[in-house]
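As annotated by TrEMBL, active site, proton donor/acceptor applies to A:Tyr133. The active site, schiff-base intermediate with substrate feature in TrEMBL is assigned to A:Lys161. Sequence annotations record features per position, and here TrEMBL assigns pyruvate binding site to A:Thr45.
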Number of protein chains: 2
Amino acid sequence: MFDGLSAFPPTPADAQGHVQEKLLAALIGRIVATEADSVGLLGSTGGYAYLTPSERQRAVRVAVECLGGKRPLFVGVGALRTDDAQALAMDARKAGADGLLVAPMSYTPLTEEEVFQHMVAVAEAGELPLCIYNNPGTTKFTFSEDLIARLAKVPHIAAVKMPLPADGGFTGELARLRARLPQDFTIGYSGDWGAANALLAGCDAWFSVIAGLLPAPALALMRAAQARDEAEVRRIDARFRPLWALFQEFGSFRVMYAVADSLGLYSLAPPRPILPLSGEARARVEAALEALGAP
Amino acid sequence: MFDGLSAFPPTPADAQGHVQEKLLAALIGRIVATEADSVGLLGSTGGYAYLTPSERQRAVRVAVECLGGKRPLFVGVGALRTDDAQALAMDARKAGADGLLVAPMSYTPLTEEEVFQHMVAVAEAGELPLCIYNNPGTTKFTFSEDLIARLAKVPHIAAVKMPLPADGGFTGELARLRARLPQDFTIGYSGDWGAANALLAGCDAWFSVIAGLLPAPALALMRAAQARDEAEVRRIDARFRPLWALFQEFGSFRVMYAVADSLGLYSLAPPRPILPLSGEARARVEAALEALGAP
């Protein structure tokens, strides 16, 4: 259920953190219409860290209703406390989610054993296929290959969402992971600017931020990669490049608010303390979307 | 109000995150009895990140009642969202706190401008003397000297709690900060193992984790430093050294649970995913307390 293109929509919310149901439903509708392979709700760019459990639950209900079983839905259930993450996992299952995405949020830096036990506890509570969310940029915890291999033996744990390797070396990393993980374990990448290389190197999934708002060109890139059409992958990736540069420079969370505004989907500000893009950066988003030929 | 020895008590709570009022009151009582200069409630080792706003509010009420105005109380009001941090600041003031301690918790990595605006917003909402909590190890944000100087001009912002400089060079850092900050701005350090050197270099405050459970020897070190008795500072610091080694190796948050247990104050586990010390590490805590001659 984690393989292929997973589209990660933002979660439109007002300044007080109340999820805007109609806006979220519209985003999910766009994703379903383009036939992306799955929906990853409440990921980092989905702003889960800034929403209360009840707002997160509301977002899940909206997505389940909108998807109507047409595509698998997995839901980010990260929390600083293990019991809170377990409760979120149970909430997500009851609301109809098909899978879970678990990032080990941290305040006190965590040890490997702490993260192992945390993941096991959430997997047991959730009883749904679970994707390890290896996102050091936000959680400040890096999963070692040893820890991923250990977690892959735990019931329900079925996938890992990897960050882009620092040296860009996907082939070596994938070979090492494949050698240690069960054959049906999904290895996917996030960090949209590295997706083309990750897919061409043979990973199973692209956990895509941009597919949350622009599913069509992201899916075209994914299908070209699946057809092993490297020239087409490179061609589409090149059109995305100005947007990737903005993601890397300003963080995709900030940029996606500007993208939604430019596309006429909604005009909302990110949750403070996060500031919206302005001035030249904002103008560059317009230019990047033009380069892409969107909408 | 931030100068001198500030004792940071842990916040005893059960496995569900409910503050244990009597245990907290007992800790505050010990601190008042030794005449530490102030109490820093709900700091990082006070576990604020793992407690709900209502539990945090309850902890403040217990501390205010216990202190009875005998010592200033400042309260950690860190939160991922600016509006949540503002609400916590107003709650703390209404409950009788004398000051605030604000760490820019992060999930999405924050920019300098975001942190500046966040701090200003919390200062305005709180209307109490505010200490900047520069704690990169947990917040993943490092305050530049430029940003501290800019914030020092904001009404209510009156102090900074610095991490130990990576190169151990307190003198240069203090000189640079003093040159840019108002004369009555408090510059203090956390990281108990560097306190002796920080105090001897002339900082204004020691924001002390260990003083939360062992205020007497911490105060002895502070008073020796204030008397410029370097030999006595070194003597006391040497007795603390085995404990400092544990703080550095396992993190003071984990070690303090074991210290509380060894001292017979309470036997509680840290909030999961944080795991208690066990085996050899736990035994070393006993030995470290013996070396210190505690209780």
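Note: Cβ is positioned from N, Cα and C throughout, glycine not excepted.
From a predicted model like this one, the values you see are computed outputs, not experimental measurements.
Put simply, A:Tyr133 (active site, proton donor/acceptor) is 5 Å from A:Lys161 (active site, schiff-base intermediate with substrate) when counted between their Cα atoms. A gap of 13 Å separates the Cα atoms of the residue listed as 'pyruvate binding site' and the residue listed as 'active site, proton donor/acceptor'.
The residue listed as 'pyruvate binding site' carries neither a helix nor a strand DSSP state and counts as coil. Neighbour density for A:Lys161 (active site, schiff-base intermediate with substrate): within 10 A of its CB lie 27 other CB atoms from the protein chains shown. Residues within less than 8 Å, Cβ to Cβ, of A:Tyr133 (active site, proton donor/acceptor) and separated from it by at least 6 positions along the same chain comprise A:Gly43, A:Gly76, A:Gly78, A:Leu101, A:Val102, A:Ala103, A:Pro104, A:Thr139, A:Lys161.
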